[in-house]
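Taking it in order: structure first as structure tokens, then the write-up.
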Amino acid sequence: MAMNATEDWYLCPYNADGRFGPSIDRHCRGGFDFTLTFEQSILSIAPSALLLLFAPLRLYWLSGSNLKTNASFSAACSSKLLASAALAGLQVALLVIWVRNPQAQTVASIPAAVLSLVDALAICLLSYMEHTRSIRPSTLLGVFFLASLVLDIPQSRTLFLMGDITPLAAVFTAVMALKVILLVLEGRSKIQELRHPYHQFPPESTGNVWMRLAFWWLNPMFFKGFARLLSVEDLWSMDEKLATFNLREQMHACWSRRVHSESPYALVMASVSCMRWALLSVVWPRLAMIGFKYAQPFLISSVISFVEAPSSKQPRSHALGLIAAAFLVYLGIALTTVAYKRQMYRMISMTRGALVSLIYTQTLKMRDGSYDESAALTLMSTDVDRIVVGLQNFHEVWARIVEIAIGMWLLAEHLGPVAVVPIGLISICTLANSQLSKLITGRQKVWNAAVQKRIAVISSMLGSMKSMKIMGMTQMVYNSVQEHRLKEIQLAMGYRWLSLWTNTIASVPVIFAPVLMFVVFVAQASARGDRLTTNQAFTSLSIISLVTQPASLLMYSINETAAMKGCFDRLQKFLRAPPASDTRNILCGPKTIDSSAETSLDQTSDQRLEEQVYVIRGEKGPESYPHPTGRGIEVDQAIIRPAPSVDPVLTQLSMNCPAGSLTMVVGPVGCGKSTLLRAVLGEVPCDKGVISVSSTDIALCSQSPWLPNGTVKDVICGFCDEGEIDESWFQAVIHACALEDDLARLPEAEKTVIGSRGVTLSGGQKQRVALARAVYARCKIVLLDDVLSALDQKTEAIVVKRLFGAQGLLRQLQATILLVTHSTDRIIVLTREGTVKKTLTSQDIQDSEISQVTLEDDGAPGLEDVPGASSRPRPKIKAPNAGDSDLTRKTGDMTLYTYYFQSFGWLRTFGFLACAAVFTFATAFQQIWLEWWADVHGQFIGKYMSVYVVLAVGALLFRCLTFWWCLIWMSPISSANLHEILLRVTVK
């Protein structure tokens, strides 16, 4: 073997390895090798230089990070340093051997060896810093070691084939072996060595680059899901970079710099600025993906030429080389595609989180009533979803342009002037699609506006289900909602028709470019007397597809990006809505509540709780009454309107709620009681007059409480960690709001999930949960809007005593309480001890023109436990058996597909499948027909070309028909039917 290698070496021309190549002379080393100069300059110097370029940047970044591991020199870290030092030693030996063998040197030998030595020294420092200051194995070192190993294989083979420098080849191979060891060491997870809280990070954050590329870190979750049903607790925490808190801060900073810009692209530019690094992280794998993709035509051409060659010209080394090349090309396509998709969807998730948090923050800043509540919901769902679809194609725009440019060059090199034909067709279709895309933004806005109106109606319906059914308005509301759905579908037809035509035009280059190209090519070849060969046919077809496919996807991407612009416009308009201005004055007075201090339930307050009753008739309010203990809420000559476009409902209103007092405001429906609370809260400004409050620390309990989807405990305590909950205070609040018996009836007590808007709770339970949330917050001012209206008499008496009585929680907190109600059937007046002094009816108040009632301690008997409202334990309601649901989750439910197809109708379903089948046949059979044509060496031009054209026309026709069947006929019918079924189940 060595002899053959030596003979091949002597057959090499003088200085054959001194040329750049890249291929060696065909008489040297079997004619299947690179020159040593090429291997050392491109395959060695290039990766070494890239490492030295990025290593200082990475070291600078790591130097600013804190230590992540428990020990600076653990066993794992020491093994990495020893291996790195050994690598440096071998690189020194390799440099010495190169210097002592000048006859084997090339111009790149010494520079390559020196750079490799510098690399080894940099690796020693970088390995230590990465191990101690990064939570995951080094991506830079992992990629470098694997890439350099693959690129070193040709040089190692060349050194062994050269024969007379065996020591050099042996040391070089030892260097490769050490790189394998370092690749393994650097790829090991160090989760066991990480400090708190880094050791709790998810596997995606602590795994190496190859685990992330192969999604290997998901395997434990898959195994666990295979063994049993997964729950939320089984899921890992989210990557820190995807956390909404960080994204919200970054996006808010970027948007605040452009919020006053007049540019229609202000929000787009703010998003790009915020996500710039996430956007750039997608570029590199996409460029690598383009490189591997466009290596395919050369690979295909080489394989076909090799297969068509005689056996004598098919050396085994060439076959192995083609196999290795195919393996590298398609492995590269797979890895770069995974990396590209992963980074793209991370960028999309970050953008979604940033935009949704920005919308949510804006809703908290806006004046109440400025926008319909469905606007934010539609923007967060429909508009953000459309932006997400556009972002999936955002990077495809520039990438497809690059691919088209490369494909055109390859096409011109391979086909010559004939390449003008497909290029011209692509240009015409792109121009036509760009004109249609200008209309997409406007039609997308119209569609989303219709969705917003429908969601507003549905939201209103869901919030008033009981009232709707009691009043017998179910059918009317049902018809109204379904009409909104049908109108929405009708308004969406403009967008659907545009999508049909743009997608059809985008398909024209893919289908007709090969046809036109082969027509011209065959005509040209016939004139020269040439014949069509299999190599020419399929290589040309491969190159054409590398031009037409990107062109088609580019047109589609442009359309989706244009639709995304319309959604950004809607978001930008919402985010530029003027924020609410707080016109309230903050009173300076004694501190009444220390919300951070522990509240003793056994402590009896010496301060007297002053009770007042105000009657609002919609005209002039009651006069102000001073209180000796401090100022809580003051309203002076206020004129208040609930919305900017309506007349004032409160005029010349003056009132005073002393600090620590209980003030009840009663009056008929529509007199402005809720508007008064909103004004005190700061949500509604005064047209005239002044509202003053002692604190902006205010708890509000509205008559239609907002209850998020969570457990009872989470709703009351604010979705905080279990360790942050004051358990004794929570139990006291539950007792005061008479929720103990109710929780005992729930399947999991306070851990029961109440559903969206508290759908699993009764009206009275909803009000008491919201009241408990307000009390638990221990705010200085408590605003209660008709919170007792849904309670029965006995429960109401219990709640009133435990909250407003002598030992009531709100009395102990010395909170300023403003309670409004339209229920004037009776008003229970309590004494200082919490006993009933008198009961006032609505007629009593109206007849006596009472504006204030001051209650004194008259020693009246206490309000004891109300009969029938005992707190004896009641049997718990068992949760429904989840066995059926679990079985469905394990085995799946194929009937869902049947149910979905039934929404179209079976005739439409079969028609769609038939159109798609014909299109697929016509597209696939074109290649088979072309192969048959190549087998007869391009003869019978009329026969084969006419069938080829008919197949292309049929493919385009049925492509268009498939789009029409799906977008214009099937989808609207299905969406209307499914919406009607869901609506019927909801309301009936």
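Cβ atoms are placed via backbone N, Cα and C, with glycine included.
The domain 'ABC transmembrane type-1' annotation in TrEMBL covers 287-563.
The domain 'ABC transporter' annotation in TrEMBL covers 633-858.
Taken from TrEMBL, the feature region 'Disordered' applies to 857-885.
What TrEMBL lists as transmembrane segment is 42-61 (among others).
The transmembrane segment annotation in TrEMBL covers 81-100 (among others).
Per TrEMBL, the feature transmembrane segment maps to 106-128 (among others).
What TrEMBL lists as transmembrane segment is 135-153 (among others).
Listed by sequence, the residues of this chain that lie at least six past the ends of the transmembrane segment (165-185) yet keep a Cβ under 8 A from its Cβ atoms are 76, 79-80, 83-84, 86-87, 90-91, 93-94, 97-98, 101, 104, 116, 123, 127, 141-142, 145-146, 148-149, 152-153, 155-156, 159. Annotated transmembrane segment per TrEMBL: 165-185 (among others), in sequence order.
Here TrEMBL flags 290-307 (among others) as transmembrane segment.
Among the features that TrEMBL reports, transmembrane segment is placed at 319-340 (among others).
Under the heading transmembrane segment, TrEMBL lists 498-523 (among others). Tertiary proximity for the transmembrane segment (498-523) is limited to same-chain residues at least six positions away from its ends with a CB under 8 Å from its CB atoms, namely 415, 418-419, 421-422, 425-426, 429, 432-433, 436-437, 439-440, 443, 532, 540-541, 544-545, 547-549, 551-553, 555-556, 559, 923, 926, 930, 938, 941, 945, 948-949, 952, 955-956, 959-960, 963-964, 967-968.
For the transmembrane segment (906-925), the list of distant contacts is 511, 951-952, 954-955, 958-959, 961-962, 965-966, 969-970, 973: same-chain residues at least six beyond its ends, Cβ to Cβ under 8 Å. Sequence annotations record features per position, and here TrEMBL assigns transmembrane segment to 906-925 (among others).
Feature annotation from TrEMBL assigns transmembrane segment to 945-967 (among others). Beyond the transmembrane segment (945-967), the same-chain residues lying 6 or more positions past its ends with a Cβ under 8 Å from any Cβ of the stretch are 496-497, 499-500, 503-504, 507-508, 511-512, 514-515, 518-519, 522, 908, 911-912, 915-916, 918-919, 922-923, 925-926, 929-930, 933.
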Contact call for the transmembrane segment (290-307) and the transmembrane segment (135-153): at least 3 Cβ pairs under 8 Å, seq gap 6+: no
Contacting positions for the transmembrane segment (81-100) when only residues 6+ beyond its ends and CB under 8 Å are counted: 109-110, 113-114, 116-117, 119-121, 123-124, 127-128, 165, 167-168, 171-172, 174-175, 178-179, 181-182, 185
Contacting positions for the transmembrane segment (42-61) when only residues 6+ beyond its ends and CB under 8 Å are counted: 22, 34, 108, 111-112, 115-116, 118-119, 122-123, 125-126, 129-130, 140, 144, 147-148, 151-152, 154-155
